[in-house]
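So the structure is just underneath, and the comments pick up after that.
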Amino acid sequence: MAAVCFSLSRCCSAVHRPAVTAVRFAQTAAAPAAQPRIKKFQIYRWDPDTVGDKPRMQTYEIDLNTCGPMVLDALIKIKNEMDSTLTFRRSCREGICGSCAMNINGGNTLACLNKIDTNTSKVTKIYPLPHMYVVKDLVPDMSNFYAQYKSIEPYLKKKDESQQGKQQYLQSVEDRQKLDGLYECILCACCSTSCPSYWWNADKYLGPAVLMQAYRWMIDSRDDFTEDRLSKLQDPFSLYRCHTIMNCTRTCPKGLNPGKAIAEIKKMMVTYKQKDAVAA
């Protein structure tokens, strides 16, 4: 019993004994400064509202150590810290809105998804989307593109509108899957402005982006106006200026295939014309 009490007393005394903390002194020093990584960006500049202003390339230098990884990060840094007159479109910074579509190092893409080439010996060249009127600097005039999109009536159309807004228009899983690879288009116009046929016939040829959206509604099982949509593409230009160059598919920043969608419309058009001929 005495041994137990002695053991408990030792434990209690150990609990109340002040702790001894070893303090180690170390000399601190600032982290060594990172070597500057200066990257040159040549950016298309032009303000048509300024009398005498002519298109030119303007060079900016950025330390990549103080900039985000994407080309859009560099553009925002230039505008915020170097030249507030630089004009470009941007919004989501996540490849969702399509606002920052431009031509970077010769290819149409989204600035928010395009990584800066860290090779500082190479200059990054940035232009607006090709073969479109320029509003200012990197901002193209999208008016014609949006007018063409509006012309295909990109929305669900029903012949019987008596139940409109009263019930859901259901479709099978299989029918819904047919829309995959079509509805994801963000209308950035990268594909259309990479298409030589669209360059020369933009006033008549609808272009890859708009035609892919037309196809999206043609094959929607809930839509009742497929034949009407096909009938509007019978002229020699709206659809048939596509020569399967496939620049559209190669350049799409969302990985979609407008070229395939156009080919499917052409196949549907054959059946439609045959049916139309029989009816006549």
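Glycine too: its Cβ is placed from the backbone N, Cα and C atoms.
Computed from a predicted structure; not experimentally measured.
The annotation transit peptide is assigned in Swiss-Prot to 1-25 on the grounds of similarity to another entry. Look at Swiss-Prot and you will find 39-129 tagged as domain '2Fe-2S ferredoxin-type', backed by sequence analysis. Residues or ranges marked as [2Fe-2S] cluster binding site by Swiss-Prot: C92, C97, C100, C112. If you look up Swiss-Prot, you'll see 175-205 marked as domain '4Fe-4S ferredoxin-type'. The [4Fe-4S] cluster binding site annotation in Swiss-Prot covers C185, C188, C191, C252. The annotation [3Fe-4S] cluster binding site is assigned in Swiss-Prot to C195, C242, C248. The feature ubiquinone binding site is assigned by Swiss-Prot to W200, with similarity to another entry given as support.
Structure coloured by features recorded in Swiss-Prot.
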| residue | record | Cβ neighbours (10 Å) |
| --- | --- | --- |
| C97 | [2Fe-2S] cluster binding site | 17 |
| C100 | [2Fe-2S] cluster binding site | 25 |
| C112 | [2Fe-2S] cluster binding site | 25 |
| C188 | [4Fe-4S] cluster binding site | 25 |
| C191 | [4Fe-4S] cluster binding site | 30 |
| C195 | [3Fe-4S] cluster binding site | 27 |
| W200 | ubiquinone binding site | 12 |
| C242 | [3Fe-4S] cluster binding site | 23 |
| C248 | [3Fe-4S] cluster binding site | 30 |
| C252 | [4Fe-4S] cluster binding site | 24 |
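As a summary of secondary structure, the domain '4Fe-4S ferredoxin-type' (175-205) carries 12 helix, 0 strand, 19 coil according to DSSP. With all protein chains in the displayed structure included, the most crowded Cβ environment within 10 Å among the binding-site residues C92, C185 is that of C185. C195 ([3Fe-4S] cluster binding site) sits 11 Å from C252 ([4Fe-4S] cluster binding site), taking the Cα positions as reference.
Listed in sequence order, the residues L72, R90, S91, R93, E94, G95, I96, G98, S99, L110, A111 complete the 8 Å Cβ shell around the [2Fe-2S] cluster site centroid, once C92, C97, C100, C112 themselves are left out. Take the Cα of C188 ([4Fe-4S] cluster binding site) and measure to each of the binding-site residues C92, C97, C112, C242, C248: the nearest one is C97. The binding-site residues shown are C191, C242, C248, C252; of these, the one with its CA atom nearest the CA of C92 ([2Fe-2S] cluster binding site) is C252. Sequence-distant contacts of the domain '4Fe-4S ferredoxin-type' (175-205) (same chain, at least 6 residues past either end, Cβ-Cβ under 8 Å): 95-99, 101, 107-110, 129-132, 140, 142, 144-145, 149, 212-213, 215-216, 219-221, 235, 237-238, 241-243, 245, 247-254, 256-258, 261. Per-residue pLDDT, averaged over the domain '4Fe-4S ferredoxin-type' (175-205), rounds to 97.
Other than C185, C188, C191, C252, the residues of this chain whose Cβ falls within 8 Å of the Cβ centroid of the [4Fe-4S] cluster site are, in sequence order, G98, I186, L187, A189, C190, S192, P208, A209, M212, C248, T251, P253, K254, L256, P258. On the backbone, the CA of C242 ([3Fe-4S] cluster binding site) and the CA of C97 ([2Fe-2S] cluster binding site) stand 26 Å apart.
Within 8 A of the CB centroid of the [3Fe-4S] cluster site residues C195, C242, C248, the other residues of that chain are C191, S192, S194, S197, Y198, G207, P208, L211, H243, T244, I245, M246, N247, P258, G259, I262.
Broken down by DSSP into helix, strand and coil, the domain '2Fe-2S ferredoxin-type' (39-129) contains 14 helix, 29 strand, 48 coil. Distance noted between the C-alpha atoms of C252 ([4Fe-4S] cluster binding site) and C100 ([2Fe-2S] cluster binding site) is 14 Å.
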